[in-house]
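Engineer: Supplied in structure tokens, the structure appears directly below.
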Amino acid sequence: MEENMEEGQTQKGCFECCIKCLGGIPYASLIATILLYAGVALFCGCGHEALSGTVNILQTYFEMARTAGDTLDVFTMIDIFKYVIYGIAAAFFVYGILLMVEGFFTTGAIKDLYGDFKITTCGRCVSAWFIMLTYLFMLAWLGVTAFTSLPVYMYFNVWTICRNTTLVEGANLCLDLRQFGIVTIGEEKKICTVSENFLRMCESTELNMTFHLFIVALAGAGAAVIAMVHYLMVLSANWAYVKDACRMQKYEDIKSKEEQELHDIHSTRSKERLNAYT
């Protein structure tokens, strides 16, 4: 009988511990973090592969080659974009962890008005700093989304030219890289529908794959923007809750101090009456 009671108490203690742990999870921050990681992964992974596919298309079908020396050509720019992608992946991996940790501390402080993190002035400054930083990152991701739409537009034009070539017989269309600013005005890098390279490019799966990779990268950038907006809502709500918790804590401190003073006054009067009676 005693063993069954002990087992029941143990199970009850484990259940209460699990409920307490689940109650301390910042679900809103968790959803935003998952969305951020998914968006950054799609943008960085698909963007990197799309840039590599662009290099292969330029070298294979447009017969472009890397210039010797330190000249800033399209291939150098693509390499720079790849390094930027590496930095974005690492930076936002760390930033997502920081926001999750901040969410855990904030949730714990809201559950307990006398927590040690968000009730302090330093904790409130950290929350305000995260709000400002997340807002700046949201603006940055909006710029990244707008910039990522440019290659999508370029590849859509190329895909449209290839499609029109197959639909309209005898169409003589040309694709000039100078229209997109990829090469300088003095260079003439264009292919027309009558050339073999153009037909090979349109029939290859590489063009279609690169086009869709850029579309997925654009979707990933949009998901990162949504994650930043979600983070802003979560951080702003946490800031409001923490501010109310601070006010409540000050009120409780003042109330307890007044009660202690009243208790001391009553104790002093009781002692005086007792001394006067004796």
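Positions of Cβ are set from backbone N, Cα and C atoms, glycine also.
Heads up, here are the entries from Swiss-Prot:
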type     : residues      : note
DISULFID : CYS174-CYS192 : disulfide bond
CARBOHYD : ASN164        : N-linked glycosylation site
CARBOHYD : ASN208        : N-linked glycosylation site
MOD_RES  : SER256        : phosphoserine
MOD_RES  : THR278        : phosphothreonine
TOPO_DOM : 1-22          : topological domain 'Cytoplasmic'
TOPO_DOM : 44-84         : topological domain 'Extracellular'
TOPO_DOM : 106-127       : topological domain 'Cytoplasmic'
TOPO_DOM : 149-213       : topological domain 'Extracellular'
TOPO_DOM : 235-278       : topological domain 'Cytoplasmic'
TRANSMEM : 23-43         : transmembrane segment
TRANSMEM : 85-105        : transmembrane segment
TRANSMEM : 128-148       : transmembrane segment
TRANSMEM : 214-234       : transmembrane segment
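Thinking about packing and proximity, how do these listed features fit into the structure?
Structural biologist: Look at CYS192 (disulfide bond): DSSP puts it in a strand. Taking Cβ-Cβ distances under 8 Å and a sequence separation of 6 or more, the neighbours of CYS192 (disulfide bond) in its chain are ASN172, LEU173, CYS174, LEU175, PHE198.
In this view, ASN164 (N-linked glycosylation site) is surrounded by 12 other Cβ atoms within 10 Å of its Cβ, with every protein chain counted. Following the DSSP three-state reduction, the secondary structure of ASN164 (N-linked glycosylation site) is helix.
Counting only same-chain residues six or more apart in sequence, the Cβ atoms lying under 8 angstroms from the Cβ of ASN208 (N-linked glycosylation site) belong to TRP159.
Over all protein chains present, the Cβ of SER256 (phosphoserine) has 10 other Cβ atoms lying within 10 Å.
Sequence-distant contacts of the topological domain 'Extracellular' (44-84) (same chain, six or more residues past either end, CB-CB distance under 8 Å): 148, 151, 177, 182-183, 189, 191, 197-198, 200-201, 206-207, 209-210, 213-214, 216-217, 220.
Residue counts for the topological domain 'Extracellular' (149-213) under DSSP, helix first, then strand, then coil, are 40 helix, 6 strand, 19 coil.
Beyond the transmembrane segment (85-105), the same-chain residues lying 6 or more positions past its ends with a Cβ under 8 Å from any Cβ of the stretch are 24-26, 28-30, 32-33, 36-37, 40-41, 43-44, 47-48, 51, 115, 117-118, 123, 126-127, 130, 134, 137, 224, 231, 234-235, 238.
Residues 43, 47, 95, 98-99, 102, 214, 217-218, 221-222, 224-225, 228-229, 231-232, 235-236, 239 of the same chain sit 6 or more residues outside the transmembrane segment (128-148) yet have a Cβ under 8 Å from a Cβ within it.
Sequence-remote contacts of a segment are chain residues at least 6 beyond its ends whose Cβ falls under 8 Å from one of its Cβ atoms, and for the transmembrane segment (214-234) they are 26, 28-29, 31-33, 35-36, 38-44, 46-47, 50, 92, 99, 103, 131, 134-135, 137-138, 141-142, 144-145, 148-149, 151-152, 155.
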Engineer: If you measure ASN164 (N-linked glycosylation site) to SER256 (phosphoserine) at Cα, how many Å is it?
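Structural biologist: Approximately 81 Å lies between the Cα of ASN164 (N-linked glycosylation site) and that of SER256 (phosphoserine).
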Engineer: State the count of C-beta atoms found within 10 angstroms of the C-beta of CYS174 (disulfide bond), not counting that atom itself.
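Structural biologist: CYS174 (disulfide bond) is surrounded by 13 other Cβ atoms within 10 Å.
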